[in-house]
Amino acid sequence: MVIIIMRVLGIETSCDETGIAIYDQKKGLLANQLYSQVKLHADYGGVVPELASRDHIRKTVPLIQAALSEARLNGLELEIDGVAYTAGPGLVSTLMVGATIGRALAYAWGVPAIAVNHMEGHLLSPMLEMNPPEFPFLALLVSGAHTQLIAATGIGKYQLLGESIDDAAGEAFDKTAKLLGLDYPGGPMLSRIAQNGMPGRYTFPRPMTDRPGLSFSFSGLKTFAANIIRTGPDNYQMRADVARAFEEAIVETLIIKCQRALDLTGFQRLVMAGGVSTNQLLRMNMSKMMQQRGGEAFYARPDFCTDNGAMIAYAGMLRLQGGSQTSLMISVYPRWPIEELPAIIT
Ligand code: KG4
Ligand code: ZN
């Protein structure tokens, strides 16, 4: 039986962003709504799960309503063929909000629902753009909770080649930013002040590049930064210099490991996704490296790199079209390794 799923509502509530989108197979993205809780958590220096889930409860239904009217404004008779919601990995209490609302809506509308893996959403996000990557490709997923290198040969055909054994790249950015007195999430701010840093003032290590393998370890960089901050002069220039050296170290380490993974797989395409992939230095140097190899790098626009509903609607559409759907029993998976996803046979 051929299942025709044209238009999917996507719901993302895995952490501190409520993202709602409607994706249409023919017309592309019809609506994209996002509410960020960054201000809510700023005073705590990180995401407070209880506050996050309460806020998702407040925002999800009004944002769905807003997305439906945004899509209707384009002059469409709106019918939704399926509902996709993030079911993991993420915070259990926030995942439950999107999963409950999404599953219940699909039941009420009499359409199928699909539980989407957040990391697969990130991995497929560059496919929302004009020049989508074709399989096979190497994926570097760099977010607040994950740093993973994946050999992707099809939808659901993901082989984990390496990941962080401690802090994720985004986590390292956020923790070092905190040491520099910057607000959560500090990644973008750290990157901004790094532009005023003096090159060569400090040199951070490139962790785990002195031995073979594709694992990452970023927690030592934060300790390295802490030692400089404790002993150095306490002024803006020192902070900018530390930020610059830290950013250069993370970027170079990620690129060295990508080169190794490309050598190993023989792939010519690289996809980079997740919040850290918005980093300008990382994009610039990664593109340069891929160009030098005669390959091609693919990134989504910044709004689709950080958490959003569009990637969930899109991944959900592909999975629904592949014949998967989720039963009426609502389950969420705070840990849900991307390699465990079933492949879609096309
Ligand atoms: O993918 P994402 O929005 O959420 C998770 O699924 O974790 O990623 C958020 C992470 C945060 O750690 C944030 O500091 C980092 O991405 N980030 C950046 C930049 N923009 C966001 N890190 C470095 N440079 C940036 N420009
Ligand atoms: Zn994410």
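Glycine is no exception: its Cβ is also placed from the backbone N, Cα and C atoms.
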Per TrEMBL, member of N235, N279, N285 binding substrate alongside L141, V142, S143, G144, A145, D174, G187: N279
DSSP-derived structure type at V142 (substrate binding site), helix or strand or else coil: strand
Entries of V142, A145, N279, D307 (binding-site residues) sitting next to ligand 2, with Cβ under 6 Å as the cut-off: D307
Reduced DSSP assignment, D307 (Fe cation binding site): coil
Nearest of the binding-site residues (H118, H122, D307) to V142 (substrate binding site), judged by Cα-Cα distance: H122
Greatest C-beta neighbour count within 10 angstroms, which of the binding-site residues L141, A145: L141
Between G144 (substrate binding site) and D307 (Fe cation binding site), the C-alpha gap once rounded to whole angstrom: 10
Neighbourhood of ligand 1 - binding-site residues from L141, A145, G187, N279, D307 with Cβ under 6 Å: A145, G187, N279, D307
